[in-house]
Structures are given as structure tokens and as C-alpha cells.
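Participant: The structure follows.
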Amino acid sequence: MSATPVLALRGVSKRFGAVQALTDVELEVHAGEVVALVGDNGAGKSTLVKTIAGVHPVDDGVIEWEGKAVSIVRPQDAQHLGVATVYQDLALCDNLDVVGNLFLGRELLRFGSLDEVSMEKRSRELLNTLSIRIPSVRIPIASLSGGQRQVVAIARALIGEPKVVILDEPTAALGVEQTAQVLDLVERLRERGLGVILISHNMADVMAVADTVHVLRLGKNNGSFAVKETTNEQIIAAITGASDNAVTRRQARNAEAAK
Amino acid sequence: MSSDKSTIDTSKPGGGTPAEEVPPATVAAIDPRLLVREQGFKGYITEFQRKLKGGELGSLPVIVGLIIIWTIFQVKDSLFLSSSNMVNISFFLSGTGMIAAGLVFVLLLGEIDLSVASVSGLSSALFAIFATTHGINPWLAALMTLAIGAGIGAVHGFFFAKIGVPAFVVTLAGNLGWNGLMLWLLGSTGSLSIADTGPLHILGQRSFFMNQSIAGAYVLATVGVAALLLGSLVDQTRRRRANVPYRPTSEIVLRTVALAVVAYVAAFVLNKSSGVPNALVIFLVALVICDFVLRRTTFGRKVFAVGGSIEAARRAGISVAAVRISVFAIAGFFSSLGGLFLAAQTYTATLQAGQGNLLMLAIAAAVIGGTSLFGGRGNVWSALLGMLVIQSIQTGLDLLNMNQSIQYMITGAVLLAAVVIDSVARRTQKASGRA
Ligand SMILES: Nc1ncnc2c1ncn2[C@@H]1O[C@H](COP(=O)(O)OP(=O)(O)OP(=O)(O)O)[C@@H](O)[C@H]1O
Ligand SMILES: [Mg+2]
């Protein structure tokens, strides 16, 4: 793992009106590292992702790219640096077909006009590696199921040459087979030396693929753990903010009942 | 292939096959529940029925409507389908059609431009002042006028995209303001006549493709049919080579024959009178260019993306403001061009230019032709189809000596019908998961 992180957040804050969504958040992602970002609902994970992706510019703090401070105020800025993002709300255009959505913003050209044939071919190959069954890459996104849309959104992030891929709950709507494929994909991205930020509520998935787990709680850092030296319980305690929490109480009850 | 360099290699570790050599596993990826079109003619019929049920009406309502309208008028007055009347319709639809073509871009964004008629009126006045009053070369004068039209549109776009004023308010203000400017400019002189030279001669009633030669109309029809056939075949070959689905030859033949029938019948009918008006030729060329821009360029893709989802477009790195400003500039340009077409119909810049129902007709044409008011769906050919309907109604009622009041009411009813069809189709599309 290289010394300088490819992406680093230093003291990032973001507020929406009366809501302080992020307070002094620190985060580092190295090349070839999978960083899991976990936290309760409303902890600020998606907001953090959107600040990196340029959807919401930060109010305070610095974003460093390969050691240098950069300003990311528009989605284009993040794209040019090499950040590809899969948003929790997917952000696809319902009226465009699958190919149109996959290549939106970086269409392949041939003699200055859209090269539909190459884009279609590439789209099919990409979707096949993610084992998704889509009736046709030429139907509008509106006619796809939730999981199919999610796979399209993930495939979208793989077009272009990103250095950091951010996945905001990428497997939330996926079946077992597709979830496994996405986890495989995350590992392939790491092998290729990309930095990956993975947001998930599924601790098993997180423990399976992540190198580091960062916990966000109420918009603040609440601990960061190396997966190899950590247990599930420690992370859950950090997420909920107490060692006595709903999860441990439930486990204790179940253990009691089993006796 | 260039596409491979720009994409992460997602092939599984150990597999090591380059993407190019992966056998078309796509066959396996096709969902067995997918309704695949059956072979042969029956297949077309079943697919057609399925599309209708799903609310994908496309140009069907307008074509049915056109047939009904033509039948009614022909029964009422046997001159209606005569060659000279058809030349009339094809000449007079071009001006308003040009304005409607620009509006299609705006409608695709899900916005509206209420200033197009006033901008067209102002443009006829500007052209007359440049060419007649100041004696500027008419070609230069036309260029200046079109540039001003595009600039006016860009100003509307700026207020909408950068300041955040709703488009209908900006363009409503423009509607009044630009009309006022036109009246002020013509105030001292009243109407200005324009010489029958240069661009205005070409757009005028006495100017026909290849000087009324019989060959002219057939040349146009042949070029159109050949372009469609060639384009389809080239596309089919490329797709076949790339191993992606392609149109079967039977479908290509069917489409080409359909276009050929329409084109040659139209050519034959127009030729019985004086041939194809140049104004119509220019209108058609403009539509071909617009269609190319919308369907085959990144700019067109951006227009559809912004019309579909502003946030998704923004996150894909599209500058929404730039797209909006350019689209309104395009609408301004075509309004201006339409204004020159309309001025050429009488060779005058009048104080009434751009008034009356011009705005409503242009919007109606785009919507009747099948471009959705809700954004993201439509094509520029709707300007042609919609204008065919509107101009047929107007000319037909003129033939029957009907009062203008009746014309307004009927055109209003047709617009309402078109909007109702649009809304119902959208609801059906939602219900069947296509919107
Ligand atoms: N656009 C916005 N405007 C106002 N408040 C917002 C906005 N986006 C997020 N918030 C607020 O910021 C806080 C963090 O939201 P965020 O979406 O980042 O949570 P999250 O950690 O992604 O939660 P989840 O696990 O449910 O996706 C919430 O309190 C939310 O109400
Ligand atoms: Mg979230």
C-alpha cells in the first residue's frame, strides 16, 4: 500500500440549513484499498460521498487528491480527477435506454457522431460480467427492475478510467448471485490497484471484502478499524455509540432463550 | 478498439480472455420471459399491438388524424386534394414549421418558449430594415437577423438557466418585449416591403426546386429513399459484424418501401402543379440536420438527458446550464428563420407579424406531431407532421370560406386532443413501466 493516500478528507464539514450533516470528518483511501464506510441511517454517509463526487461542495475542510489539495465543486471536477460514483439513489435518466445511461457524459464517438454500435457491444459485455439479465440494452431504464437499475448504475462507474470507485449501498437491491458478483467486482478493483469506498449496512459483506472500516456517527468519525484485527461487535458498538445497544441486547436475549 | 482502453477490464481473474474474444454470451443473458418478436409479417402486427397497449403511440395518432382530416375536406370540396392545393399547403406550412422545429428542442427539455412568435415578427422587421432601409446585401442581412434571433434566445436561456427564472415567465416577458421592439422599429415607417431577391426570393412563393423541372421532385424523393436504404444497410452490416442485434432485411425493405411510396406519390402530386417549393426543401433539410443533431451527437444526447432527469444529467458531468442556454438559442434561431419564411410569403414586414395565433400554432404543431410536453420524448419530425395537420385544417377551412373564428376553434380543439393523447399515453407508459 502506497504511503500517500490517493484520496484524503481533512476536517470536512457540511451543513444543510439547520442540519449539521458532517462535522470535521477525516477519511483516507489508498490505492488498492477497500474502505468500508458504515453508520446508522442518517449518519451522513451519502452526504460524505456526495461531497467527494462534487454533488454538494464542502463547507469547510480540504479534499486531497494524491497528496495535493483540490477543489471539487462540480461533478465534472471529481470525474476529471478519476472518481466514479454509484449513488444510493442511482441517478439514471428514465427516458434513455441502458446504453444511453451507461455512456452518458462520455459517449464513444465515430467521425464525430455517436458510435452506437461500439457502445452497445461494450454495454453487453459489461453487463454480462455482472451476471445481470436484462431483456435488451435498448429498452428505457424505466422498464427495468430495481436490481437491474442498480447493476446498470454500477456498470456506469466502470466506464472511463477511475482511480477511486465509490459505491453507496450497491447491493441493497440485489439478489444473492448479483451481490456475490458485486463483491467479486470490488475485489477485482482492488487487485487492479484502485481505491474503493464501499458503503453497506450488511456487516458480513463489509467484513468479507473491506480492508479498513470507518464508522460515521451523527456526522462525525466514530472510530476506524483494520478488519483483520476487529470483531463485528466492536464495529457495531461504534455504530450505535454504546456497547449496550439494541443489537447486543437482542443477542443476549436470544442466548438466554437458547439455554 | 478505442472503447476497450476507456473501460476497466472486468473479466474475471484467471479467465484472462480479452473482452474482444468473449463469445457472444449475450444469447444466454437474454431473459426467457422477454417477448421476442416473431418472425415474418405477423411478428410486426403483434409487436405493433403491444406497443399501442403500452402507450407508445409515436406518430400514429397524427397520421390517423391527418387521414381523417383529408377525407373530410375532400368530401366537402373536391379541390382539397388537388395538386395546386397541395403545393399551397406544402409552401405555407414551412414558416410556422421552422418555428415549431426550434420549439421541439425546448419541449424536449420539458420547458416552453412563449416568445417564438414575437421573435419571428421582430426578425422580419429587422431583415426589412437591414435590407430595405439600409440597403445591406440581403444574404448578409439574413445572417445578421439569424444571429440576433439566436442571441435573443440565448438571453432567455441565460435568465432561465443562470438566474433561475421559470422559462415560461422569461419568454412571456420576451413575447411582449420583442413585439414592442418590433412595433417601435417599424413605428416611423409602418410596414416595409422587401425586394424579391436573395434569400427571400428562395423562400418565396415563386421559387421551386430545380425551377419547376419535373425531375426536381423525383430527385428529392430518390435522394431521400436512397439515403434511408443506404444508411439502414450500412448500420445493419456494422451491427452484424459487431455481433449486436440488427434490423432484419425484411424490416429495412418494408421501411424503405413505405417511405418510397409516400415520397414518390408526393412528388407526383406536387409535379402536376408546379413542383416542390424551395421553402419546403429548406424546411426538410433543416429537419434532417436537427434530427441528426438530436439522435447522433453528444449534444442531442445531453438534451434528452436533461429532459429526462436534471439531477442525473448533472451528476453525469453535463453542464445543465450550457445545454439550456444553447437550446433556447436554437429556438431563437429557428424563430428568426421562421420569421424570414413568413416575411417571404408576402415580401413585407408588417406590424402584425408574429401576432394572432402564430405562437399557438407553432406549439400545437410540435405537440400534435407527437413531442411530449413533459420533456425527454419526441423528435423534430413532429414539426412536419403537426404542421401538415394544422395547415390542412387552415387551407381546408379557407376553401370552404369558413370564418377565422371557426378556424381558431377547430385548431384549439385539435391541440387539446393532441395534449390529451400525450397525457393519456404518458399515463399508460407509466402503468406499463415505460416512463
Ligand atoms: N439535500 C439535503 N438537504 C437537507 N438535508 C439533507 C440533505 N441530504 C442529507 N441531509 C441530511 O443529512 C443527514 C445525513 O444524511 P445521509 O443521506 O448522508 O445519511 P446516510 O448515512 O447516507 O443514511 P442512510 O444509511 O439512510 O443512507 C440526514 O440528517 C439528512 O436529513
Ligand atoms: Mg445513504
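Using the three backbone atoms N, Cα and C, a Cβ is placed for every residue, glycine included.
Reproduced below are the annotations present in TrEMBL:
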| type | residues | note |
| --- | --- | --- |
| REGION | B:1-22 | region 'Disordered' |
| COMPBIAS | B:1-10 | compositional bias 'Polar residues' |
| TRANSMEM | B:57-75 | transmembrane segment |
| TRANSMEM | B:87-109 | transmembrane segment |
| TRANSMEM | B:116-133 | transmembrane segment |
| TRANSMEM | B:139-160 | transmembrane segment |
| TRANSMEM | B:167-187 | transmembrane segment |
| TRANSMEM | B:207-231 | transmembrane segment |
| TRANSMEM | B:252-270 | transmembrane segment |
| TRANSMEM | B:276-294 | transmembrane segment |
| TRANSMEM | B:321-344 | transmembrane segment |
| TRANSMEM | B:356-374 | transmembrane segment |
| TRANSMEM | B:381-400 | transmembrane segment |
| TRANSMEM | B:406-425 | transmembrane segment |
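Would you situate these features in the structure and describe their surroundings?
Facilitator: Packing against the transmembrane segment (B:87-109) from elsewhere in the chain are residues 116-117, 120, 153, 167, 203, 205, 270, 273-277, 279-280, 282-283, 286-287, 290, 294, 303-304, 306-307, 323-324, 327-328, 330-335, 337-339, 341-342, 344-345, 358, 361-363, 365-367, 369, 371-373, 375-380, 382-384, 386-388, 390-392, 394-395: each is 6 or more residues past its ends and has a CB under 8 Å from a CB in it.
Residues 95, 99, 102-103, 140-142, 144-146, 148-149, 152-153, 171, 174-179, 181-182, 185-186, 189, 192-195, 198, 200, 331-332, 334-340, 342-343, 348-350, 353-355, 358-359, 362 of the same chain sit 6 or more residues outside the transmembrane segment (B:116-133) yet have a Cβ under 8 Å from a Cβ within it.
Only residues 6 or more beyond the boundaries of the transmembrane segment (B:139-160), in the same chain, are considered here, and those with a CB under 8 A from a CB of the stretch are 102, 111, 113, 115, 119, 122-123, 126-127, 130-131, 166-167, 170-171, 174, 178, 198-200, 324-337, 339-340.
Long-range Cβ contacts of the transmembrane segment (B:167-187) within its own chain (Cβ-Cβ under 8 Å, at least 6 residues beyond either end) map to 106, 111-119, 121-122, 125-126, 129, 152, 156, 159-160, 328, 349, 351, 353-355, 359.
For the transmembrane segment (B:252-270), the list of distant contacts is 44, 83, 86-87, 90, 217-218, 220-221, 224-225, 228-229, 232-233, 236, 276: same-chain residues at least six beyond its ends, Cβ to Cβ under 8 Å.
Sequence-distant contacts of the transmembrane segment (B:276-294), counting only residues of its own chain at least 6 positions beyond either end whose CB sits under 8 Å from a CB of the stretch, comprise 87, 90-91, 93-95, 97-98, 101, 104-105, 108, 202-205, 207-209, 216-217, 220, 267, 270, 300, 303-304, 334, 337, 341, 344, 379-381, 383-384.
Outside the transmembrane segment (B:406-425) by six or more residues, the chain places 55-57, 61-62, 65, 357, 360-361, 363-364, 367-368, 372-374, 386, 389-390, 393-394, 397 with a CB less than 8 A from a CB of the stretch.
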Participant: Contact between the transmembrane segment (B:57-75) and the transmembrane segment (B:381-400) is defined here as three or more C-beta pairs under 8 Å separated by at least 6 residues; is that satisfied?
Facilitator: yes
Participant: Can you name the far-off residues of the same chain, 6+ from the ends of the transmembrane segment (B:356-374), with a Cβ under 8 Å from a Cβ of it?
Facilitator: 57-59, 61-62, 65, 96-97, 99-100, 103-104, 107-108, 110, 112, 114, 116-118, 120-121, 175, 338, 342, 381-387, 389-390, 408, 411-412, 414-415, 418-419, 422, 425-426
Participant: Same-chain Cβ contacts of the transmembrane segment (B:321-344) under 8 Å, 6 or more residues past its ends?
Facilitator: 94-99, 101-103, 105-106, 108-109, 111, 113, 115-117, 119-124, 127-128, 142, 145-146, 148-154, 156-158, 160-162, 167, 194, 199-201, 203-205, 279, 283, 286, 299, 302-303, 306, 313, 353-354, 358, 362
